[in-house]
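Student: Dropping a structure here in structure tokens format, bear with me for questions.
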Amino acid sequence: MRDELLGLPVKDHDYVVVGSTPEEMEQLGYRPVGKDFPVFLHPKTKEQYALARTERKISRGYKGFEVFTTPKVSLQEDLVRRDLTINAIAKDKDGNIIDPFNGVADLEAGILRHISPAFSEDPVRILRIARFAARFSFRIAPETLALMNDMVHNGEVEALVPERVWQEISRGLMEDNPSRMFYMLRECGALSRILPEVDVLFGVPQSAHTHPEIDTGLHTMLAIDYSATKNYSLPVRFAVLLHDLGKGTTSPEEWPHHIDHEQRSLQIIIDLSERIRIPKESRDLAILVAQLHDKVHQAEALNPKAIADLLQAVDAYRKPDRFGEFLLACACDFHGFPGYANRPYPQTRLLHKALTAAQSINAGELAAALRERINDNTLLSTAINTKVREARIAKIKQVLNKTD
């Protein structure tokens with residue numbers, strides 16, 4: 001009902017059945033699919049129908065619930081277990097709106113408000129409400145924010161399982177204003193528990209020769225919001241989020257300089273990826289961007305050899321599509337400063353042009369010519385690699401009109 005009332009596309013329907021039993025649902029042709037509670041698929045539409053239920057907290061974490069369902073459970077009893085008032089609005093089969101917790105008023109006012117103290121029983125709700133803040137640009141009710149703070153201080157977020165953290169973070173990154181999710185998590189203290197590597201960036205000054213007017217955390221937020229305005233993929237947005245993590249480990253005595261922060265980012269990203277189970281595609285792109293984004297920014301000053309080495313380092317010849325996403329993430333870093341959103345970033349075009357030129361050489365032909373002259377396989381392999389590299393450098397030099 002929430003999206004319908006907001007005038008947004010309704011992606012799925014959430015049906016609640018009151019006064020029935022699992023046995024009756026199966027007799028009517030509904031197929032049971034729920035593992036933890038009674039959910040059924042409609043025999044024709046295949047949409048999900050759940051029996052009205054109540055829940056009781058029995059242990060920490062989002063799975064620590066005992067579910068009760070009987071024909072006596074009312075719709076209001078089912079709705080009260082929802083997290084927010086805006087998610088506890090129903091419509092009966094006659095089209096009448098059922099709104100026992102004033103969710104419609106909160107929708108109109110743009111407020112995210114919890115329904116009951118039971119909100120604190122599920123730590124995933126902290127991530128969800130922050131994600132909703134990013135999606136709808138709603139504000140969080142003061143009493144709800146206070147409850148979220150209590151949940152963090154009570155250690156409830158430590159019970160979050162890695163898969164759910166990544167699921168909610170990835171969804172939040174794909175919203176139109178992803179920075180709001182991280183700002184909300186930071187406001188309630190959850191960011192320092194869930195993603196301390198990102199939280200520590202706030203207050204860390206940028207390098208003096210770039211943009212000292214904002215800190216690294218604010219820059220990162222501007223950069224991920226820029227990636228959202230361009231509708232970039234999740235791996236790109238995630239790489240942008242992590243591209244400066246190494247700066248969070250710079251000693252304050254060295255500020256505003258961040259020498260070797262690119263290399264320091266490597267182990268941080270590896271550890272973070274293991275902790276919350278980041279998919280390999282997103283992890284690998286994030287590592288490349290963190291280590292090499294400064295090289296891309298310097299592309300116009302690089303000689304042909306350095307450009308060829310950069311292309312090799314990111315495996316651009318074998319993975320040109322990933323190379324394209326790599327450049328998009330680097331561009332987001334450049335654009336992630338006040339007044340920089342519409343500035344040109346010629347490095348992207350230059351490096352795409354260099355890759356096209358380097359790909360135009362016939363490596364097979366070069367290798368065949370060398371095989372006729374060299375019999376030793378070890379020497380042959382080295383000779384082929386050297387010859388191919390030299391040919392690529394020559395092509396890059398020719399196309400970009402660069403000198404050594």
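Even glycines carry a Cβ here, placed using N, Cα and C.
TrEMBL labels come from automatic prediction, so no person has curated them.
When I checked TrEMBL for this same protein, it listed these features:
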type	residues	note
BINDING	ARG2, ARG82, ARG128, ARG131	ATP binding site
BINDING	ARG2, ARG82, ARG128, ARG131	CTP binding site
BINDING	ASP12, ASP14	Mg(2+) binding site
DOMAIN	216-317	domain 'HD'
Student: Hey, what's the widest CA-to-CA gap across ARG2, ARG82, ARG128, ARG131, the ATP contacts in the record, in Å?
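Tutor: Spelled out: the longest distance between any two Cα atoms in ARG2, ARG82, ARG128, ARG131 is 16 Å.
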Student: May I ask for the distance between ARG82 (ATP binding site) and ASP12 (Mg(2+) binding site), taken between their Cα atoms and rounded to an integer number of Å?
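Tutor: Pair distance, Cα basis, whole Å: 17 Å.
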Student: Count the Cβ atoms, other than its own, that fall within 10 Å of the Cβ of ASP12 (Mg(2+) binding site), considering every protein chain shown.
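Tutor: Neighbour count, Cβ to Cβ under the 10 Å cut-off: 8.
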Student: Any idea what the Cα distance is from ASP14 (Mg(2+) binding site) over to ARG2 (ATP binding site), rounded to a whole Å?
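Tutor: Cα of ASP14 (Mg(2+) binding site) to Cα of ARG2 (ATP binding site) measures 11 Å after rounding.
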Student: Neighbours of the CTP site ARG2, ARG82, ARG128, ARG131: Cβ within 8 Å of the Cβ centroid, same chain, sequence order.
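Tutor: Neighbours within 8 Å of the Cβ centroid, excluding ARG2, ARG82, ARG128, ARG131: ASP83, LEU84, ILE86, ASN87, ILE129, PHE132.
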Student: So if I measure Cβ to Cβ from ARG2 (ATP binding site) and keep only same-chain residues at least 6 apart in sequence, which ones fall under 8 Å?
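Tutor: The answer is ILE86, ASN87, ILE89, GLY103, LEU107.
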Student: Might you list, by sequence position, any residue in that chain lying six or more from ARG128 (ATP binding site) with a Cβ less than 8 Å away from its Cβ?
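Tutor: Sequence-distant Cβ neighbours: ASP83, GLU168.
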Student: When a 10 Å sphere is centred on the Cβ of ASP14 (Mg(2+) binding site), how many other Cβ atoms does it contain?
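Tutor: ASP14 (Mg(2+) binding site) is surrounded by 13 other Cβ atoms within 10 Å.
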